[in-house]
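According to TrEMBL, the protein carries these features:
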type     : residues : note
DOMAIN   : 8-70     : domain 'Nodulin-like'
TRANSMEM : 16-34    : transmembrane segment
TRANSMEM : 55-72    : transmembrane segment
DOMAIN   : 84-272   : domain 'Nodulin-like'
TRANSMEM : 92-114   : transmembrane segment
TRANSMEM : 126-149  : transmembrane segment
TRANSMEM : 155-177  : transmembrane segment
TRANSMEM : 189-210  : transmembrane segment
TRANSMEM : 222-242  : transmembrane segment
TRANSMEM : 254-272  : transmembrane segment
DOMAIN   : 347-548  : domain 'NFD4 C-terminal'
TRANSMEM : 419-437  : transmembrane segment
TRANSMEM : 443-466  : transmembrane segment
TRANSMEM : 478-499  : transmembrane segment
TRANSMEM : 519-542  : transmembrane segment
Amino acid sequence: MGTIINNKWIATVASIWIQCTSGSLYTFGIYSSALKSSQGYDQSTLDTVSVFKDIGANAGLLSGLLYSYVASPPPPPLSSSTSTTAVRRCGPWIVLAAGAIQCFAGYFLIWLSVAGVLPRQPVPVMCLYMLLAAHAQTFFNTANVVTAVHNFPNYGGTIVGIMKGFLGLSGAILIQVYQTIFKNKPASYLLMLALLPTFNPLLLMCFVRIYNMNEGDEKQHLNYFSLIALIIAAYLMAIIILENALTLQLPARICTFIVLILLLASPLWIAIKAQQRDSGTISRTSFIEGDQLVDDPNQLDAEKIYTRQDPSGYLQVPGGADEETDTSDKKTLQWEDNLNLLQAICTCNFWLLFVTTACGMGSGLATVNNISQIGGSLGYTNFETNSLVSLWSIWNFLGRFGAGYLSDYFLHVNGWARPLFMVITLATMSIGHAVIASGLPGALYVGSIVVGVCYGSQWSLMPTIVSEVFGVVHMGTIFNTITIAGPVGSYILSVRMVGYIYDKEASKEGNTCTGTHCFMLSFFIMASTTLFGFLFALGLFFRTKEFYKQVVLRRLQHSVRE
């Protein structure tokens, strides 16, 4: 019974379920009107509160530092004379618990304010509540994504795509909860956000653990998880389209919601089948959690003859009888392997990735933040713009999932370095911005799909590249620091550029702007910005191409041989 529960497949399912309730920030539009009216805010003040939501959701440095301290695997013994007992401080559950506490505190205080239990709060205090609630997402995301990469180091792109994909779908999932149970009751929905995303991680956090094991065909089982994710995304897209086209009655909503719950429960069946199939083929299992890990010294010495480990405990390129080859491999493996945050910041690769992220994620955020206004200026109906906004989460998911899966496939099959896919997606994203700028009939539909998919791809590519280039030990800290580039780029492009140009054009027409000229210049500038990011991504690709060939690919090939 213990092996059925305590394995990385169950850990993956637990992380997926936590991700499914972690996207409350994507549902801000549901309760924003209630927050605005109850607190007497104008639109500018509400936007200020929303900015703190974005800051909290992207400022994940603390969650990364906490994960590195309490959950990262200890380094291996320095020599054979060193004690082989490795002590783990705690585990990922500490990070999840910290996120749950913040989530409850933030949303519960917001609910008390909206419900009138607390007197009207000063704007800075409400901004603090929103910051606290949003900051919880970084703890959930860091714990689930980094733990998944630890458990599936050979398929980092696929597993990050799955985790980030379910996070992208979580907004649509929570909206289905609202539509079924709390429709037209935004205050009650706020109370649900204080409870469901809090107690779900608290109930599941004991299953989210790091395992170090060599199993059977991991890719096959991960493909099943991917298939379930695609089915759920297609189902949610169908529901969104039906809701925008028809008025679903309560019995129909309950039926669709039950089907959604069954689909979300299906990964558990896949995990049980995967564990049963692989239980007889596990060659070496080392549970990296709890108080102590004790290895047999004789066994450790024997393993050293055939393998060597990196600081994260994963098997590396095999050392052969040729000592010269072994020395060359060691020198290669030392390059930017398991750097901490300060060491990573001092590298050129970090800043190439930071600028690339600012251009890609920043322009994507600027697009989704203004998509309703763009539709209005081009003469789209409310139904059409609402559909565009609702379907953005689906395109976002497809990018997150697809980029992770495809980059893994071509890395394993053709040896393509993962930054190449960042180059491709940024070039494609530039085309998407240019399509929107054209203002042609249907251009907003096509452009939003292209930009949405390419924007989502950045969320799975960037963390995976961080784990491969800088190492997995401090992955949470480094990728959360780079994530800050997203809102920075969004602020520059959305507020300082798009908003400024729109207001300038609107001032000529009485505070509203109609026509292609309202956003044409803005999106041509964003197309140029993503091309600028494309050049930085290209530089990262050429800098890491040899590293992927000599280290990452050989590590994967060695793992397959085992």
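Backbone N, Cα and C define each Cβ position, glycine as well.
Within its own chain, the transmembrane segment (519-542) is flanked in space by residues 349, 352-353, 355-356, 358-360, 362-363, 366-367, 370, 373-374, 377, 417, 419-420, 422-423, 426-427, 429-431, 433-434, 436-439, 465, 489, 493, 497-498, 501-502, which lie at least six positions past its ends and keep a Cβ under 8 Å from the stretch. Residues of the domain 'Nodulin-like' (8-70) grouped by DSSP class, helix first, strand second and coil last, total 54 helix, 0 strand, 9 coil. Between the transmembrane segment (222-242) and the transmembrane segment (189-210), the number of CB pairs under 8 angstroms, six or more residues apart, is fewer than three, so the stretches are not in contact.
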